[in-house]
Every structure is written in C-alpha cells, then in structure tokens.
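*Asks:* What follows is a single structure, and I will ask about it in a moment.
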Amino acid sequence: MNVKIEGRRKIRAKVAIPSDKSISHRSIMIGSLARGTTEIENFLFAEDCLSTINCFKKLGAEIEIKNDKVIVKGKNYSLSVPQQVLDCGNSGTTTRLLLGILSTQEFEAVLDGDSSLRKRPMKRVTQPLSQMGASFEFLEKEDCLPIKVKGKKNLKPIDYTLPVSSAQVKSALIFAALKAEGKSVIKELPMSRDHTELMLKSAGADIATCFENGFYKIEVMPSNLEALKIKVPSDISSAAFFIVLALICEDSEVIIENCILNPTRTGIIDILKQMGADIEIGNVEIQNGELVGTIVARSSNLKGVVVDKNDIPRIIDEIPILAVAAAFADGKTIIDNASELRVKESDRIKTTLEMLRNFGAECYELENGLEIVGSRDNLKAGIVNSYNDHRIAMAASILACAVEGESTILNAECASISFPNFYEILLGHSKKV
C-alpha cells in the first residue's frame with residue numbers, strides 16, 4: 001500500500017494513541033508463566049503483539065478476548081511442547097524474550113520469523129543463555145532465525161554484563177534467571193527500559209535493582225509468578241510521531257492522555273525540550289508501577305542539539321522521528337553511538353538518512369549515527385521507501401504533513417506493526433492549512 005499525503009497541514013486535537021507495545025508483549029508473557037488468571041485491559045492488537053499471543057497459544061497458554069480484555073490462564077512456567085514452528089513474525093521482542101523463556105523448558109522448539117526478522121542478530125541472546133545451560137542450533141544461517149532451542153530445567157545462575165545496553169537481551173536473561181539454581185546478576189550501562197523488572201516485581205518475582213559503580217545492576221532470585229490485573233497505558237514511542245507533528249506544523253497543538261512516562265522511555269521528551277519544544281506534562285499518576293500522564297505539545301521553533309550518548313537507549317525507537325524534528329530545527333543535530341540502529345527492522349541509520357534526503361534535508365552518515373543540518377526552507381515534498389520499517393513509514397508521513405506539495409510513502413502498510421490505525425488518525429485529525 002502506498003499513501004499520498006498533501007502537505008502544509010496543521011493539527012489541533014486530542015489524539016488517542018495505541019497502547020504500549022513493550023508492556024503488551026510482556027503482559028502476555030508474564031500472564032502465560034504465572035499461576036492464576038491475568039486480565040489485560042487496553043491491550044495493543046497490533047501485528048507484533050499478535051505474534052506473541054500466537055506463540056504462547058502454541059505453547060499451551062489459554063488466551064481469549066472477553067469484553068475488550070485479554071484473559072490469560074497461566075501455566076506456572078510449565079509450557080507445552082509446540083507442535084508447530086513458533087512464528088514470531090516481525091517481532092524482535094517476541095523472539096528474544098522467548099529465547100530466554102524457552103531456555104527454562106525441557107523440550108525443543110523452533111523459532112522463525114519474516115524476512116526482516118531473519119536478518120537480525122540473535123547470538124547476543126543465545127551466548128549468555130548457553131552459559132546458563134540452554135542449547136541453541138541455527139538451522140540455516142549463523143546468528144539468525146530459524147533457531148532450535150532446547151531448554152533445561154535447572155539452569156545455572158549467571159553473572160553477566162551486557163556489552164551493549166538492550167532491554168530485549170536483559171529481559172531474556174531475567175526470564176531465564178527466574179528458574180535458575182541461585183542468584184543471577186545482570187548489569188548494563190547505560191540503563192535500558194525497565195518494564196520487565198517492574199512488571200515481574202508486581203507479579204511477585206524476587207528482583208532487586210540498584211546502581212553500582214555507574215552500572216545498572218539487577219539481582220534475580222528463583223521465583224514463581226502470580227497473575228496480575230494490567231491496564232496498558234498509551235505508547236510514548238507511538239505518541240512521539242504526533243508530538244513532533246504538533247511541533248513542526250504551524251498553529252498546532254496535540255493532547256495525549258494516559259501516556260506512559262517511565263523515565264527510561266521519556267528521552268524523546270527530554271531531548272525535544274532541549275531543542276526548545278513547547279511540551280507540558282500533567283495529571284501524573286502511577287499504574288501497575290508505571291508513571292503515566294498527559295502530554296501537551298504545541299508548535300515550536302526548534303534548535304539543533306548534540307544528543308548525549310547515555311540518552312541513546314532511552315530514545316532508540318524514536319530516533320527516526322527525532323531526526324524529522326532535527327530537519328526542521330535551526331542548526332546542527334548530532335545523534336551518535338547508536339550502532340543498535342543498524343540491526344533494527346531496517347538499518348535505521350541508512351533508511352532515516354535516505355528518508356530525510358528524499359525530502360531535501362542536508363544530512364550525513366556517521367559510523368554509528370547521523371548528523372542533520374536543519375533548515376525548514378530546504379524541505380520539500382518527496383517519495384520515500386519505508387523498506388517495510390514501521391517507524392520509517394510513520395516518520396516520513398509526519399515530515400510529509402509539514403512540507404509544501406504531495407508526498408508518497410511506499411509500502412506504508414507496515415505502520416500497522418505498532419500503530420494499526422495510524423493513517424486514519426493522521427489524516428483524520430490533521431487538516432490542510
């Protein structure tokens with residue numbers, strides 16, 4: 001599906017943002033591994049999260065939808081042998097966290113995914129899990145899906161420092177460590193998003209976290225999990241597209257309610273404020289251990305910034321849309337130390353730069369990042385290939401709304417991976433000036 005967008009738009013609206021993808025994934029996983037029945041309200045019915053549901057159904061979890069809630073009857077970490085390959089679709093979260101979970105099960109299972117997921121590296125997860133006693137076989141290409149996993153009942157505890165901060169790798173190790181024979185210690189620098197730790201603590205897991213010698217340290221003891229009642233807040237990674245839309249379009253304001261404000265996820269807000277963005281946060285409260293609140297963003301004159309390397313894990317999913325904001329800012333923006341972008345759904349350094357250049361932006365590739373010389377006057381309508389990367393498709397669409405003329409986004413249907421009704425909301429709420 002290709003989408004044409006007529007530019008010079010503005011938006012003044014309260015926007016309903018989809019539920020958080022990270023928490024939706026983990027709610028299914030924790031519910032499936034817990035004792036009792038977990039109820040999930042506001043679940044994100046997007047392709048990635050549906051892949052997680054389908055995989056856990058194949059592993060014996062009873063999952064049904066009742067009155068707009070997802071009901072999960074837990075298996076108490078005793079999953080069933082799957083009779084089919086576990087198809088993870090496009091979801092790296094599903095794959096990598098499942099590798100940790102399946103490491104605790106005394107059976108073999110095969111994980112596979114689509115052509116994009118098959119290119120993403122998996123040894124970063126399998127190597128530490130192998131140290132704990134699980135076995136892995138790459139069936140076609142080294143380091144890539146499909147993978148055969150053979151778990152073990154009594155895994156060895158691990159003391160492991162992540163070479164690169166990653167919520168997915170960290171979470172896989174935590175899920176495995178819950179069934180190890182003693183205390184495991186996992187460290188990372190800087191700290192990545194901590195939804196797994198918070199949600200598992202809520203479910204009764206014996207997990208302690210602290211900062212030690214600059215590192216974020218997690219201690220995990222063997223634990224059973226209890227069922228939860230979860231209300232999933234709105235996803236700040238999805239909200240970021242409409243926040244930036246309001247900032248770069250004239251006479252615009254966006255209000256987003258019940259949005260997750262976990263400090264490990266709000267890097268995009270902090271950096272946009274450094275750039276001069278008019279953003280207000282209000283109505284802050286705690287739900288299931290997570291900060292949530294209302295975000296209001298208004299048209300702003302932005303300036304370029306140098307992004308601190310310690311903020312990269314907090315904005316790793318938002319870098320394409322941050323780059324769009326940078327293209328409209330006065331001056332130079334540098335985003336570096338972001339090698340993780342190379343192994344996302346696309347090489348997001350290359351695809352983000354190509355997107356910006358197709359709209360006329362001046363930008364340069366760094367070894368592990370981007371340099372963007374902002375100038376609203378240089379920007380014009382363009383044609384952009386999404387490379388089937390949902391965040392590239394949506395970032396390009398936001399940029400298209402703020403420039404003169406008609407732009408075309410190729411293969412735009414991939415937005416549904418995380419934001420099923422993105423174009424309906426974007427074109428419904430924004431109007432031609």
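A Cβ is built for glycine as well, from the same backbone N, Cα and C atoms used for every other residue.
These numbers come from a predicted model, not from an experiment.
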*Asks:* Name the residue, out of LYS57, LYS141, LYS344, that Swiss-Prot lists for the same 3-phosphoshikimate site as LYS21, SER22, ARG26, SER166, GLN168, ASP317, please.
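*Replies:* Candidate listed by Swiss-Prot for the same site: LYS344.
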*Asks:* How far is it from ARG348 (phosphoenolpyruvate binding site) to ARG26 (3-phosphoshikimate binding site), counting Cα to Cα, in Å?
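*Replies:* Checking the Cα atoms of ARG348 (phosphoenolpyruvate binding site) and ARG26 (3-phosphoshikimate binding site) gives a distance of 25 Å.
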*Asks:* Would you measure the largest Cα separation among LYS21, SER22, ARG26, SER166, GLN168, ASP317, LYS344 for the 3-phosphoshikimate site and round it to whole Å?
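*Replies:* Roughly 19 Å, rounded to the nearest whole number.
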*Asks:* Would you pick out, from the binding-site residues ARG26, ARG391, the residue whose Cβ has the largest number of other Cβ atoms within 10 Å?
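*Replies:* Comparing the binding-site residues ARG26, ARG391, the most crowded Cβ belongs to ARG391.
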*Asks:* Of SER22, ARG26, ASP317, LYS344, which is closest to ARG391 (phosphoenolpyruvate binding site) if I measure between C-alpha atoms? They're all recorded positions.
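*Replies:* Closest recorded candidate to ARG391 (phosphoenolpyruvate binding site) by Cα: ASP317.
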